[in-house]
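Trainee: First, the structure itself, so that you have it in front of you.
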Amino acid sequence: MTLSPMETAAAKTPDSMAKRIRGLSNRTIAWIFVAPTIFLLLAVNIFPLIWTIRLSFTNFRVNRPNNDVEWVGLRNYERILNDPDVWNTMQATAHFLIWTITLQVLIGFALAYLINKKFKGNDMWTTIIVFPMMLSPAVVGNFWTFLYQPQIGLFNYVVAFFTGADPASFSMIGDVHLAPWAIVIADTWMWTPFVMLICLAGLRSIPDSIYEAAECDRASKWRQFWTITIPMALPFLMLAVLFRGIENFKMFDLVVQLTGGGPGNTTTLTSIDLKREAFEKWRTGYSSAYAVILFVTVFGLASIYVKALNKVKER
Amino acid sequence: MSFSVTEPTKGTKWFAGILVIGYACITLVPLLWIVATGFKSPADSIAYPPVVVFEPTLEGYVNLFTDRTRATPDMIEAAGPAETWYDQIARERGTVISGPSRYGERFLNSVIIGFGSTFLCMVLGTMAAYAFSRFKVPLKDDLLFFILSTRMMPPIAVAIPIFLMFRNLGLNDTHLGMILLYTAVNLSLSVWLLKGFIDEIPIEYEEAALIDGYTRFQAFYKVVLPQAATGIASTAIFCLIFAWNEYAFAVLLTSGTAQTAPPFIPTIIGTSGKDWPAVAAGATIFLVPVMVFTILLRKHLLRGITFGAVRK
């Protein structure tokens with residue numbers, strides 16, 4: 001490697017002089033530039049996290065600040081893991097996660113595959129399809145309750161129109177069997193474009209030459225799809241699943257506005273349950289332990305998944 | 001055009017186009033329904049079967065921006081003729097306007113907190129991203145991963161201590177508190193995205209500037225910033241949209257002075273039951289700016305939503 005003119009010049013200049021010419025040293029500038037960000041993140045993310053971990057070993061309650069705070073060791077953790085309600089919540093979350101991800105991957109990939117056929121105006125339609133995911137989930141979720149109204153709601157009307165059922169005979173958010181699907185439908189409507197965009201990038205990253213070679217070898221379209229398209233797009237698909245998984249594990253705004261966790265506890269996802277414990281029942285110590293368990297779960301699952309993702313990428 | 005085996009046939013294109021456009025139309029229905037409901041009268045909004053053709057009215061918007069009290073016909077008579085068109089609309093429903101509603105304030109809060117946090121986030125984010133892109137920062141990969149991992153925490157989980165911390169500092173329900181909070185949440189996105197954009201600017205430009213006698217700082221804001229302008233702008237829009245849409249922190253940490261629109265809109269109720277046209281009007285005003293931004297962003301959308309992991 002040859003030195004650039006600047007480097008040759010710099011090599012000839014004494015250090016102190018170089019410093020005067022270029023101002024502060026690179027290391028100092030780097031720290032000045034990075035420090036505010038790190039500081040703010042420490043203050044607003046790490047400090048609260050450490051505080052949460054500390055509180056999780058106590059019986060502290062925010063609404064009773066004058067009570068003695070006692071160390072209770074692992075009792076909060078024990079109680080959470082033995083609480084059947086928490087496991088119901090986990091089940092509701094699992095149902096929500098599995099179905100939203102399955103539907104979004106299937107529909108999102110299919111859409112991306114079709115858009116990749118490069119019909120006229122595909123860019124414009126892609127942008128239109130993306131609209132729902134950019135909007136405020138709380139505001140949109142609130143409006144979906146209107147679409148789901150028994151009698152007057154548009155959703156019920158459309159379902160009734162196609163199935164012939166009475167539009168007043170079922171309530172998507174009031175029925176214990178339908179409510180878990182109501183949130184899956186709304187979330188799928190909102191986030192399918194996300195999976196679609198990532199899949200589209202994956203499909204566009206496959207070079208034409210591979211298909212041309214396959215065509216020369218007389219591989220059928222069906223075979224090309226399974227041996228070229230799917231394996232090459234897989235890392236992208238997995239990335240989309242990772243993002244959706246983390247986001248939906250944290251899901252709060254859309255569902256809390258849609259069903260509020262009801263009816264009963266059928267749509268009480270973990271974040272909603274956590275919010276009740278922390279900000280309605282004010283069991284601060286208990287909910288802190290709950291938060292720690294959730295965080296460890298997301299972080300653990302995500303790291304295992306990322307390892308798998310990297311393996312797929314290397315192939 | 002040369003023949004290519006990978007170019008889809010005309011029939012395939014038609015078929016794909018029809019399916020995608022069909023999906024787009026279905027997916028647009030709820031959004032169009034929000035906009036349409038905003039212009040319906042309360043009776044039309046809950047009509048069965050749902051009405052598609054209706055006489056548009058601004059009643060929803062009037063109800064959104066005003067507080068009204070019920071009045072008997074005599075009282076309305078005694079008050080004399082309506083002075084403004086919105087007075088007229090309220091009186092036709094047997095109510096008189098008693099003052100502006102809270103929606104204006106809440107919307108303004110969203111604007112202040114959204115733009116304030118975006119500005120702060122861009123200043124801090126650009127600096128950090130530049131340092132990560134150009135200098136050897138010790139533990140660089142660890143720091144970058146740490147910055148990203150802050151996004152994995154459920155907002156409710158960190159909300160408990162933030163609530164306590166803000167209460168001690170007097171930041172609960174203040175604009176400053178929310179601006180700092182959203183800045184911190186958005187920093188991960190902005191640092192990762194901006195690092196990607198700055199990585200793409202050839203380092204030779206700065207070297208040339210340094211030879212010309214610029215200091216590092218001068219090279220940063222006279223060479224790098226203008227080059228990264230598009231990237232900075234699209235990152236800013238992403239941060240703005242996030243702060244604009246955020247609900248969990250807003251609903252837990254604000255209740256009055258600093259409450260933003262997302263927790264407020266669902267609480268809008270009319271004089272008798274839920275006033276859906278007013279809710280829809282509030283939602284329309286709140287959502288349409290984001291749709292415009294989405295169109296502006298379309299080239300960088302993918303990058304933004306994947307934290308720069310996928311760049312096309």
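Keep in mind that glycine also has a Cβ here, set from the backbone N, Cα and C atoms.
Pasting the relevant annotations from TrEMBL:
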TRANSMEM  B:12-35  transmembrane segment
TRANSMEM  B:107-131  transmembrane segment
DOMAIN    B:107-297  domain 'ABC transmembrane type-1'
TRANSMEM  B:143-166  transmembrane segment
TRANSMEM  B:178-198  transmembrane segment
TRANSMEM  B:219-244  transmembrane segment
TRANSMEM  B:276-297  transmembrane segment
Trainee: Counting only pairs 6 or more apart in sequence, are there at least 3 Cβ pairs under 8 Å between the transmembrane segment (B:276-297) and the transmembrane segment (B:12-35)?
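Mentor: Result for the transmembrane segment (B:276-297) with the transmembrane segment (B:12-35) is yes.
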Trainee: Determine which residues of the chain contact the transmembrane segment (B:219-244) at the Cβ level, with the cut-off under 8 Å and only residues 6 or more beyond its ends counted.
Mentor: 110, 113-115, 117-118, 121-122, 125-126, 130, 182, 185-186, 189-190, 193-194, 196-198, 200-201, 205-206, 209-210, 289-290, 293, 296-297, 299-300, 303-304
Trainee: Out of B:12-35, B:107-131, B:143-166, what stretch is closest in contact terms to the transmembrane segment (B:178-198), meaning most Cβ pairs under 8 angstroms?
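Mentor: Stretch with maximum Cβ contacts: B:107-131.
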Trainee: Would you kindly list the residues that approach the transmembrane segment (B:107-131) from elsewhere in its chain, counting only those six or more residues past its ends and only Cβ-Cβ distances under 8 Å?
Mentor: 137, 175, 178-183, 186-187, 190-195, 197-198, 220, 224-225, 228, 232, 235-236, 239-240, 243-244, 254, 257-262, 285-286
Trainee: Would you mind listing the long-range same-chain contacts of the transmembrane segment (B:12-35), meaning Cβ under 8 Å and 6+ residues beyond its ends?
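Mentor: For the transmembrane segment (B:12-35), the sequence-distant neighbours (Cβ-Cβ under 8 Å, at least 6 residues beyond its ends) are 280, 283-284, 287.
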